[in-house]
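Swiss-Prot has this to say about the protein:
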MOD_RES   Q1  pyrrolidone carboxylic acid
DOMAIN    9-207  domain 'Peptidase M12B'
CARBOHYD  N69  N-linked glycosylation site
DISULFID  C120-C202  disulfide bond
BINDING   H145, H149, H155  Zn(2+) binding site
DISULFID  C164-C186  disulfide bond
DISULFID  C166-C169  disulfide bond
CARBOHYD  N185  N-linked glycosylation site
BINDING   V217, N220, L222, E224, E227, D230  Ca(2+) 2 binding site
DISULFID  C229-C242  disulfide bond
DISULFID  C241-C264  disulfide bond
DISULFID  C255-C261  disulfide bond
DISULFID  C260-C286  disulfide bond
DISULFID  C273-C293  disulfide bond
DISULFID  C280-C312  disulfide bond
BINDING   D281, E284, D296  Ca(2+) 3 binding site
DISULFID  C339-C385  disulfide bond
DISULFID  C369-C411  disulfide bond
DISULFID  C405-C417  disulfide bond
Amino acid sequence: QQRYLNAKRYVKLAIVADRSMVTKHNGKLKKLRKWIYRIVNTINEVYRSLNILVALVYLEIWSKEDLINVTSAAKDTLASFGNWRATDLLKRRSHDAAHLLTNIKFDGTTVGKAYVASMCQQDSSVGINQDHSKINLLVALTMAHELGHNLGMSHDVVNTEKQCNCGTCVMAPTISDQISKLFSNCSKNDYENFLTLYKPQCILNEPSKTDIVSPPVCGNELLEVGEECDCGSPETCQNPCCDAATCKLTSGSQCAKGLCCDQCKFSKSGTECRAAKDDCDIAESCTGQSADCPTDDLQRNGQPCGNNAQYCRKGKCPIMTNQCISFYGPNAAVAPDACFDYNLKGEGNFYCRKEQATIFPCAQKDKKCGRLFCVLGPTGKRISCEHTYSQDDPDIGMVLPGTKCADGKVCNSNRECVDVNTAY
């Protein structure tokens, strides 16, 4: 648990500057970009204390017209920006969170708004920020504050039972000239709780050099174009393989970090760098030519797993019993074959396939690839065939593709029980 909490995180940030920002900078896009690069450098500095690096991986400037309706109603603007990000921006450019920068003044004293504990979520990993000051630092701290909400942080409240007692930390409810670059203990706890509860996956991946669109800054701990390594400032760098002042490898070093970097040299070929997680995963080993562990690879589809009783599919070992347990708890088991006869009827929720409104009953050989039936606890004389159905997602409660349905056979994506050798 502690290792998971202490792991370095990377927020790959996309920033969108709207038309009002272009007008504010008199159409000088170069000047506007510089303003935004400075903001991101500050945000990255602020977050380094939490072992988070923030990298700008995309910058979009709406120089002709706004692609959403940006208004003084912050709540509405946030909702439409989130919707636009999910339906448009995410399809074009991979990133973890998107923030809007606008010169439109929001109602009341609001200078920013963001969804809380939403990092990595499709439509809510967003924030909106007003470019409310001539002082770059104050705008940067506003965006850092809104990003804090995405990462699960609520406002610091002074003199409550929580005793954050930091009136000037990043998550202070109101902005002031005394604002600092520090996070309160409350913010740190909120962030750790968010990691534990939501387990956001997207921020575990480091951006590649070429993903980062802002000019490289030696000493910001992000590996950027033109750098061989970046271990932070000369004062804080603790990596003997990297020269902090130049971001070049020290003399005789082959690497500065990586799962296959050992004491500044590439690990020997064959050194295991990622263990197999389970039957359907493959262990990876170093090549001897690189500091990186090869891409995570999976066992081939159809490879036996689960004590040779099941078969792998896309890195998972789909077991019918486990599917019952996930719906009904640890005492659940797969129902007797008689229950699966319901799937032969093709009535109600019992079928193999549904296309538009047409229901296709299962053929006798395919009945264990349709609706899943389970029993709860020990069965008496009467068996109740438990099943699950969802109006929203017709696939919920169906036997998962790749599940064994007979000896040497698995359910394919058409819910037919086919020979495992022809299924893949």
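Sequential numbering from 1, following the chain as shown.
Backbone N, Cα and C atoms are what each Cβ position is placed from, and that goes for glycine too.
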### Query
Among the recorded positions C169, C229, C242, C264, E284, which ones place their C-alpha within 10 angstroms of the C-alpha of L222 (Ca(2+) 2 binding site)?
C229
### V217 (Ca(2+) 2 binding site): secondary structure state under DSSP, collapsed to three categories
coil
### Query
So around the Zn(2+) site, H145, H149, H155 aside, which residues have their CB within 8 A of the centroid of those CB atoms?
G112, A114, V116, E146, G148, M153, S154, V170, M171, P173
#### Entry: Candidates H155, D230, D281, E284 (binding-site residues) - the one closest to C293 (disulfide bond) by CA
E284
### Message
Here's one to test understanding: among the recorded positions C120, N185, C186, C280, whose C-alpha is closest in space to the C-alpha of H155 (Zn(2+) binding site)?
### Response
C186
## Note on the structure
By a three-class reduction of DSSP, C339 (disulfide bond) is assigned helix
### Summary
Looking only at the recorded positions C169, E224, C405, C312 (disulfide bond) has its closest CA neighbour at C405
## Note on the structure
Same-chain neighbours of the Ca(2+) 2 site, Cβ within 8 Å of the mean position of the Cβ atoms of V217, N220, L222, E224, E227, D230 and not counting those residues, run in sequence order as I212, P216, C218, G219, E221, L223, C247
